[in-house]
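One structure is given here, and the rest of the page talks about it.
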Amino acid sequence: MSAPTTNQKLLDWVAEVAEMTTPDNIVWCDGSKEEYDRLMVQMCESGMAIKLNEEKRPNSFAFNSDPSDVARVENRTYIASLKEEDAGPTNNWIDPVALKETMKGLYKGCMKGRTMYVIPFSMGPIGSPIAKNSIELTDSPYVVVNMHIMARVSTDVLRLIEKEDTFIPCLHSVGAPLAEGQADSRWPCAPIEDKYIAHFPEENLIWSYGSGYGGNALLGKKCLALRIASAMAGREGWMAEHMLILRFTNPEGKQFHIAAAFPSACGKTNLAMLQSTVPGWKVETIGDDIAWMKPGADGRLYAINPEAGFFGVAPGTSEGSNPMALASIEENAIFTNVVVTEDKDVWWEDMGYDCPGGGGIDWKNNPWKQADGEKGAHPNSRFTAPAAQCPVICDAWEDPAGVPIDIFVFGGKRTNTMPLVHEAFDFEQGVYMGATASSEPTAAALDLGNVSLRFDPFAMTPFIGYHAGDYMQHWFDMGETLGDKAPRCFYVNWFRKTDDGKWLWPGFGENSRVLKWMCDRVEGKVEARETPIGLMPIDGDLTLDGLDIPAEDWAELMKVDNGLFKATLEDAKAYLAKFGDKLPAKMTEQMAKLEARLNA
Ligand code: GTP
Ligand code: SPV
Ligand code: MN
């Protein structure tokens, strides 16, 4: 196939990579339905994909990964800045020259026996001033079809690259060359010690090797839209955050835009599509994972969702918890590491009903019976679906101008200590709350080991493309830029448990009650009571009508235990110590103020 572009930079790069990786063929992708269908047919024939029941799940497919390749690999992820100190204490670092040497060794001949796909894609609406044009080179057809859904894949991007003579290069290989006549495996990938997810922030360059999974391989997502974009945003005065974006509209039609940062597998997709239980209030989805935000001409902060689809956690997704996600995956969806039932539909744990037929093929590609008690879907199994299929997608979701953010929400999974909701006294304390957000570990990252609590600033620890201390300072700087137009900051915790392990808060749709309280605060409709950690609801303002929450459970959800918070503050101090003189003075100031309030 002759190359469908005249851009010399792009042609040279493709030629250079092809020379290094020696694919059998090169295919330039155009993002068309014909291309998608053709690749799916090929993958079904090769045994990599399973076509699902056309009646039950039209145009949908299931994949099972290699059991070793089921999530992001944070200990194989690198920020290879020129200077080590610029990667900071939260990132792995290798000298970029040395890392490139190592990776070139791995890339040499790595696409032998495979096709190299050239994927032109845009993160953000094509041609929008905030969007980024990019090319992913990959030898994974699974990556191509997922990129079709998650990003905007189009030859229009080639035209923009020709005009602007610039693009963000993303190189990906599964790292499994095929010898002459060698049969391919169902899910080719490299052993863990050969996997590298590498970022060269000064060059806006991404090199990924050895994994075919999600955030390791769909390079527009975590690698570009968060790690590289956060480094660009830090330099250029905007923000790239691990945040959902939603619009919450009250009965009078007043709109509030909320951006919320929760760590992986802590409820962003669920909150983004929430079905409000507060009469007359409704939620519309703008994004479920990533927000790019810039101050607008009116001085407010405007957010866009750079993605085009959802790559959501399957287990726990049910008619009860997230009906809008279920509706989004009725057709044209891809499923990875779920159960394929006997009648070729999909199932996962906590889907709201037992597996039809009692079993099927599990995520490890083996025959499986629910009655045997083993999990059928991997806890980090995922669906990929076009955002446009979400019944509550907001009409502004592709507006290149974005939506003005009124409220930031931070949070994580804490079964103890953190109350249901509290509000920051001001933006600077809000930054402190976001910067010291903490969570108990989840299944979305493979390798966090046996830790009980992980500090996860702004849910961005695995995604900050530069020094996390500089990143915190950037948040304070944005506060100064925005002044009194800065969003109001809140901290939530949906995950408190009783001593015998039951949820204290019903969560999901009922979280709308908490969002409404936030909006009432923004509008000045309700007062709040001061506690050492921030402002909290006055009894009655956060309505519990119709909920069956015993008074002692509510008291527990609203409790601020000074002793527990002093312990968390000590943990935060220990965590922040590793930032050394890069820790913003404002963080130290906030800690001193919090300590004083807790001791008062
Ligand atoms: P990533 O895609 O990894 O970034 O995850 P996410 O933040 O989008 O998480 P998601 O919304 O997929 O939720 C992950 C898990 O949290 C699922 O098992 C949900 O059922 C569960 N969850 C979400 N919201 C709530 C809630 O309000 N209460 C409780 N108890 N669980 C929740
Ligand atoms: C996350 O882990 O935050 C995800 C899934 O959204 S992945 O795309 O694999 O990063
Ligand atoms: Mn995520």
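Numbers here mean position along the shown chain, with the first residue as 1.
Any Cβ shown, glycine's included, is placed from N, Cα and C.
TrEMBL does not curate its annotations; it predicts them automatically.
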Recorded substrate site member, picked from SER122, SER264, SER328, that accompanies ARG72, TYR213, GLY214, GLY215, ASN380, SER381, ARG382 in TrEMBL: SER264
Additional site residue, LYS195, LYS222, LYS344 [criterion: listed by TrEMBL with HIS242, ASP289 for Mn(2+)]: LYS222
Cβ packing number for HIS242 (Mn(2+) binding site), 10 Å threshold: 25
Winner by Cβ contact number (other Cβ atoms within 10 Å) across the binding-site residues SER381, ASN511: SER381
Distance-selected binding-site residues near ligand 1 (C-beta under 6 Å), from GLY215, GLY267, GLY509: GLY267
Proximal but sequence-remote residues of the same chain as GLY509 (GTP binding site) (Cβ under 8 Å, at least 6 apart): LEU274, GLN275, SER276, THR277
Listed binding-site residues adjacent to ligand 2, that is, members of GLY214, GLY215, SER264, ALA265, ASP289 whose C-beta is under 6 A away: GLY214, GLY215, SER264, ASP289
Nearest of the binding-site residues (ARG72, GLY214, SER264) to ASN511 (GTP binding site), judged by Cα-Cα distance: SER264
ASP289 (Mn(2+) binding site) and CYS266 (active site), distance between Cα atoms, whole Å: 11
